[in-house]
Amino acid sequence: MTHTVRQRRLVLLISFLLPVLIMGGYFAYRGMAPFGSSTVLTVDLGQQYVDFFAYLRSSLLHHPSSLLYSFSKGLGGEMWGTNAYYLWSPLNLLLLFFPAQHLASGIAILTLLKYGLAGLTMAWVLDREKIQQGPRIWIFSTPYALMGWMVANQFNLLWLDVLFLLPLIIYGERKLLFGRSPWTYTLWLAVALIDNYYMAWMVAIFTILFGIWTIASEKTTWQWQWHAAGHTLGRYLGSSLLAGAISAFVLLPTAYALTQSKGTYTTTSWNWKLEYNPLKMLAKLVPGSFNFNQMPSGQPNIYVGMLIMLGAVLYFFNRREKIAGRLTAGLITLFLLASFCIEALDLFWHAGQFPVWYPYRFSYLFSFWCIWLAARTLQPDFRIKWPTALGLAVLVGSIFAYLMLKQVSHLSYINRNQLLIGLGFAAIAILALLIPRYGNSRLYDLLLILLAVCDVSTSAFTALNNISYVSQAEFGNYTKELDKAVTKLKSLDSGLYRTGKTFMRTKDDPFQADFNSGDHFGSTLEPAQPAFMGAIGQPDGDGFITYTDGTQVTDSLLGFKYFLQERHNGKQNGSTVLPQTSLRPDLKQQKTIAQTSMVNIKSNQAALPIAFGASSQVLNLTHNTLDPLAYQSQIFQSLAGRGVNQSLFLVQNFNHVTFGNVQSAVQITGTTFKKRNLLTPASIELEFTPTTNNSYYLTLGANVKNNATITINGKALTQYDTYRNTVTVNVANHAKGKTIKIVFSLKNSTLWMQNVSLYMLNQKAFNASLKTLKQSPLKVSSYAANRISGTVNLKAGQDLLMTTIPYDQGWHVKVDGKTVTPKKALSTFMAIPMSTGKHKVSMYYIPPYLILGTTISLLAIGGSIWWLKKSRQKR
């Protein structure tokens, strides 16, 4: 091995290690697992992605069919398209070595690996294309790995692969454009599409811009462009389409899944208006310009260090570069900047959907663009003269003076110290570019390396110091106790059922502990599920559902056969381990069949199976009431073949009402109460004494939670408090003769008692309908995540096998060996028409277009291999 080869490999190794050591040092400083008692988990990484990673681990190790479909996703849902967005990164295989409670350590190591790979591939491409070589590469590779976008999105782990794939795609594109092999471009674009189609969409757009600039800046004559443009364009389009064909096994089923979920939110009206004053972007030229408030809505994270940004500016004045290239680069830069503040362009980059949190997700492309231009400009012999230095100083000084005088007092994510630090780095960069070489190139290169590395490191540390993180104890202890309870339950019953619980860490707990439930938070959740859950009184939103406010009726209907209830109020050694999110007196009547140190496992004898015989009357039921308990009753009664007007819930009156510092009212529901004395606390106290041991439920409109604190018999209501529709709260069961006191204390000057009503379950009527529905259960003989087989014996009056499996065209049903087309019931569930009597039923799920997509992928791969062999034979 020659000295040059060894040196290049050492440079590349250090390009990988520098970002890893810098960020690893920060993780250790913050005590993040595996280095301490904290974790890297925060916002979506801590509330969502960590649970998805646990799901992926359990699926790969225990039940691969869950990669197609999972009953842990809400009430059940497709997973192929979901995984394409969240989990198809091959690097996620690293997490197989980390069990659930240590998953946070694995995620930290995975994050560091992605930092390192970003630095490595950028360095490799710069070296390979001879744009920069030797240790100078670190001036550009380290700011690339530690760019503001990467730091601000390190907890969006699913997007980060794009940073190490982008340089490889660009390298492949350059080979293609210069008449060399197109296979590098095709391969890496296909990998990007499979890894994360969302980021790959942005990269695909960028390759068009980058290709235009490459031709304008590096081809020798304009005549070449006209002569060879058609051929080059054909190679580019053909290679891009081939990459799409290779990845069709992911793209086609995912595209269909998006039309059923996330795609339904696509914006159809595009406005060419400014989203904010573009001058606000100037604050993003300050190191560390990021905090929590920038996550839901903010400006693009584009910081790559002062030296790099100045180098990018100097590209436009670099006479070594062709005028055509500089003009084209200017237009592309303006287009990218316009995309950061013009709504229509912003939507275009995000595939027609406004981001929910984390805006301007494509800003990494601008950072790459700046670094590439700077790398072209800041060659070893590059030096500016005093007039240029003065011009740069005026430019930088003007920007920072504006920020200091006009913006710093209005922006929470920058302060004067950050401005001074940024100004200092800019001044050093300008002076460094002025320094004559005189043979001391290594010392000069070391100065630039230190400047670039220290600049972006300071920015990264400053930004991340503004974020709080989940502790290892909070994550690990909860996960351990949940896993223990679920494992215990599965040892008692290995069947197909749903499990509810009265505590929660995240809405993806079912993914974390691998059980079936009714909770989920994910951008690919089908809208029908939130619509249904909201209609029956459960918290819901765009992209999430959670089953925390169930009734006996919904527990039975949705097949919640077991419940996990926290012991010792969820506390262990004085610390909360299992946070309560549900008040369920109904569980008193359920038998405790097992327990762990922190959890009681309750058995619900009234739970219906996943499929049961019912009346087809339910197919004609429409949702025409805003009262969740009325809708629950209509569903249950129609399934049982009874009249929907025979309500299972009876309206109750309060026995006594006390008005404290508010006006009195004859009717509570719908009244807006106002404080009489604004300086004095105000409340409405509602009392009732149950006359039966039946279940009692209180309905609450979404407006109430924002304007009142609620206590029941002196204890704060433990309730999941993010909801947009009326929810149901279980306030009593087996409490005959015991006074229940509910107090609404006003948070503000007024309180609208939106949909505040009291109901009692007609237990006798419920039991009668339940008895009818339990006559004909589907007796499951075998099942997997995407396959269910069993037998059913429908009784007289039953002509439908009702399931609580969400309707999806991917489900295929056979009854007695014959294919049957399922119907959609309640605009949500799959129902199978069937005659009275005994039947064998089999259901299996295949993601729509998976077979077609796989066929296209195999043909594309096979065709590519054949073409390569043929080409080699010709040579």
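Counting starts with 1 at the first residue shown.
Using the three backbone atoms N, Cα and C, a Cβ is placed for every residue, glycine included.
Residues annotated as transmembrane segment in TrEMBL: 12-32, 106-126, 146-171, 197-216, 236-258, 300-317, 329-351, 357-375, 387-405, 417-436, 443-464, 849-868.
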Request  = State the residues, same chain only, that lie 6 or more residues beyond the ends of the transmembrane segment (329-351) and have a CB under 8 A from a CB inside it; answer 'none' if no residue qualifies.
outcome  = 198, 201-202, 205, 209, 212-213, 217, 266-267, 270-276, 278, 281, 299-300, 315-316, 359-363, 365-366, 369, 373
Request  = Output the single range from 236-258, 300-317, 357-375, 387-405 maximising the number of Cβ pairs under 8 Å to the transmembrane segment (146-171).
outcome  = 357-375
Message = Using Cβ distances below 8 Å and needing 3 or more such pairs, separated by at least 6 in sequence, tell me whether the transmembrane segment (236-258) contacts the transmembrane segment (357-375).
response = no
Task = For the transmembrane segment (357-375) and the transmembrane segment (197-216), decide whether they are in contact, meaning at least 3 CB pairs lie under 8 A, counting pairs 6 or more apart in sequence.
result = yes
Note = Near the transmembrane segment (849-868) in space but 6 or more residues beyond its ends, with Cβ under 8 Å, are 68, 80, 183, 186, 242, 245-253, 255-256
